[in-house]
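Reviewing the structure listed below.
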């Protein structure tokens, strides 16, 4: 090898092959220039996005600092950039993920929507719907019936028999638009010393700049994200996190914890005015079960493990946490804790706050944890409660100890229809009054029930006749009308006899309220549909619809009125904004003794609507105002994020906002965790506590 | 100006001052709310958008039997049977709580008895709207209306606007209330336009009328006792009944915010009870919005005109009875001209209250909602706004303007000067243009002369035009069967007084129909004149006097505090345009009278009966010895007696001052100004003078009266010439 330049050229091919080669080459290269460098493994190059090299550094400042830019100057910048990109790639590829989520999420997951890359809904001629993977077998193929087609046409102004080749965003984002990262060399040096994997790649940063709220996705599709994180870092352990937080605190860097990325509250959105470097701390590689204690029914996990990975591993051991949110495949345990998540089967297992036994929480001033594995402790204020729902603003959750239960002997689905939504709600209320909740119980209103019919298997001729007969029978015998009825689904879990008794009780009550059983399969489909709802949302977006969900929790005496009023306000507001095709539907999705969680879906056809996204946000905001005015609250399980901050002071009192600000200032004096969730920044600064 | 105090000092009475301050602080913000809430409809109103619904293609029978597919008030609302509504009220958590927790345990009454009582109350109250009855009733009504009215004109533009704004939220219709006919008209119009028929809150008086109660119930009326004081069970039942109607949103609710028929044809000050109850579901978050639709119903001639006249003078109203109704059927022989109905811009309660709506969400729904002071202020505002909207959307008949001119003539001109048709037309024309500049829509379809003659013809029982074109007032007072003085609500007036009084009060009924247009300009004109006489004329000084009069008359007219500045400025502009005030002033802070002294005089004269009545009420109250109290009735009687004396001795010449409504308002006004003190003793309301303040007020009112009185100081004998003395008795 002659000059440095020729080395690079000659070895272009070799550079692909791996880590060590590159490093060798660079060592070689560097040795030529500097002549006396021995330790080369720590050399690193910062690439910029637009063909420039930002800088080079090593951990041994004393040796190399002086030379780093000399090195740049002797190289062709284009080639160096190439080296740099491959270096980072190789660096990451070298670390194969031990969990189901790879470092490069974009390889598995969509950048422009919900879920797996290989899974999307396709509409073919005459209203056939396919899901392009085998992940959701029960709803894989469906056929939109003529009747549903007509209805959809009327409600959304879309003819599902005519749509074909729906335009889709490209598989990979257009990387030319990403701004350069802003990098703090001291911090990078630190990371290097700690040997923690990171990336400044545009796609990586872009992927972690947004959550799954419809507005987030729309903004991502249009590349209208004001600020990307500057760097993504993948710690492996609690210790890594402690070091990263320490370093950030020292270097005045911002950390935004990133778990499953399934938030729908814009909870990872970077502050566009932030002048410091922003690091997205991706916990996906902290995905190990640390231990399972079968005798004490507890499991200790790293916070980045996804629900699916955790449940699969526990299943093999014969256990379950029973925590089952719709986002289970992607969302992480840390995310659950920090947003106060709720699982579908909370009636049997509890919500996340009931499941948590112990949390390790890394803050800028130290680790917060409770030294007790006992089932309960009375030791003053329970500080777990400030970790639960902290939404990444106070620190990073690294390890969580959860309750587990042995797998249930039996799991049975069921479904029921009621004459209308009102009787359905009365039924669910009565279930709560009698305290006979199945593991899960949901009640959909007529509109949502009909939406569900979109994803229905193709009927054979005989099947159609049977269906018609069933409907006629319903109308004749039970006086249930297809256009008014509501639809409930339930899951029973437990020992055989336990399930049987519970089922009988429920069925009796169903009869009391004029309902009729609709079979187990419909029940299971009902639940599966909710885990594909994200994919449905995306196809809606592709079809030019805007649609999203919002939820609230409300005492029983106001459930019906809240549903009615919110729908009415949405309709009114839409009328005012000139929307022609829209749907708003709801379901009672959690049943508590004292009230219920109500979940709304709102969708409208954005064709011809100016600034549709803003229109959507305005209507949703109005709807939430109304929900709150009707006795509902800001959120049942989605959390606050940056979307719902304006309602917080009214919801929890200004005193509580002051208290939060005081906690924030104490735990995070340098505002490392500067993601502006929960409370508007102005309210923190103005607080006097 | 008297030495006892300036009007401004009086207007800013002790407790009042605080309220005023509060209102002033709240005002700009509320003005904002209003501005955003209610954009004024584009373009001026015109008669051409009114269509006569009696003039339709199909015959009445086809019309009443048409297929009934009305426009729903709220989507998905299902019509409940009467029994179901009753069941819903009984099983409502609020009712359960009231009976089980409150009444039963507090009063130690057995629950069963209370439940029975509740059931009875609800049966007494409940409506039973049934379409067959509505249809037949509609048929009969069509026939009657064709006979006595020359048309029922509905503003179709406003119907279109109404249609566009209903469908999502409960709707409340709030028509103006001048006649019994109002009850039926609204349903009639809704039926015609395929809008869900309203459920109507009616007074209990109808129930005792055989057949009629049933009929009204079947066409959708529900009945509320006129007074139920502290009857908690009744209150709970009534409010739950109204609220279940609101929250279910199956029918529009209709009630009269004025509370009762206005005998005077002026809008009454709005009553807040039913309105507050109806708004509660919104305030507690049970419905997301309520649409309030103020409606104006303008009659050319009121069915009850003579009856009202007697009633105002204190001759007792016969109890509603079916036989009385049949007797009244002789009204069917007469012509009553046109009716104009205008649905005004629907008001979104949410937009009106949005900033205030912070329900006590921690309170369960079964506990009664305590209306906060802010909410209450806003409800008052809304109620006043509704009435103003009704007024603004009135259609003024030419006869009302003629009544102003005739009254003015009667009061001001000497006996030998009769009013001829030519003069009348000329003066009505000038008054019409003045009224139009105040925003009125005048019912004048042909050229003025023809229209005026038509209008006079409808009122031929009160006004006659002789062949040589002389316009005269008929004496319509009957030589009555002697009235038992015990039954008299007021002072037993002499026949001589009644003979002039009844037609004068009837005439004033039509004058009153125009007063909402003229009242603010009239107050301003008078204030300017007085201020100039006192050597000032500065705008501030005028404003202070204006405020005093406005406060004084706030129980008489719709003069909500929040609008005082707005009204003042508007009136000044309008008066300047009309030449009543001088426009060409260099000093914008100084006001002076303009060239149009005739209109100025008419405007000032309009205030005469009120100032005279109020002044007498003051004098009466002054005579109450310190430490003694009088009941309202006693005060009214002695004031009427005093006024009669003045009338007979020709020191006063407007009989409308005798009106009991006017005098009641006077006492109320004095009470809210702190000039008399209201005490409640054993459930009886008694009044005692607050001497110092009362003396001040009396002095100032007297000063104003001094200015107005000379314009029309003529003896009664002289005026009497205008009346045809041997006119046939009609009652």
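Cβ coordinates are placed from backbone N, Cα and C, and glycine is handled just like the others.
Note: TrEMBL annotation is automatic and uncurated.
Taken from TrEMBL, the feature domain 'FAD-binding PCMH-type' applies to A:225-407. Feature annotation from TrEMBL assigns FAD binding site to A:339, A:340, A:341, A:342, A:391, A:392, A:393, A:394, A:395, A:396, A:397. Annotated site 'Important for enzyme activity' per TrEMBL: A:442, in sequence order. Among the features that TrEMBL reports, substrate binding site is placed at A:537. Annotation comment: TrEMBL describes A:599 as active site, proton donor/acceptor.
In this structure, the binding-site residues A:341, A:397 were compared by how many other Cβ atoms lie within 10 Å of their Cβ, and the smallest count belongs to A:341. Among the binding-site residues A:339, A:341, A:391, A:395, the residue whose Cα lies closest in space to that of residue A:442 (site 'Important for enzyme activity') is A:341. The Cβ of residue A:339 (FAD binding site) has A:263, A:265, A:267, A:389, A:391, A:637, A:638, A:639 as same-chain neighbours under 8 Å, each 6 or more residues away in sequence. The predicted model assigns the domain 'FAD-binding PCMH-type' (A:225-407) a mean pLDDT of 94. Rounded to a whole value, the Cα-Cα separation of residue A:393 (FAD binding site) and the residue listed as 'active site, proton donor/acceptor' is 26 Å. Cα of the residue listed as 'substrate binding site' to Cα of residue A:341 (FAD binding site): a span of 21 Å. Comparing the Cα of residue A:599 (active site, proton donor/acceptor) with the Cα of every entry in A:341, A:395, A:397, these being the binding-site residues, the smallest distance points to A:341. For the FAD site, whose binding residues are given in the record as A:339, A:340, A:341, A:342, A:391, A:392, A:393, A:394, A:395, A:396, A:397, the maximum C-alpha distance rounds to 21 Å. In this structure, residue A:599 (active site, proton donor/acceptor) is part of a beta strand by DSSP. Summarising the environment of residue A:537 (substrate binding site), the number of other Cβ atoms within 10 Å of its Cβ, over all protein chains shown, is 24. Cβ environment of residue A:395 (FAD binding site): A:245, A:361, A:362, A:363, A:364, A:368, A:387, A:667, A:668, A:673 lie under 8 Å away, each six or more residues apart in the same chain.
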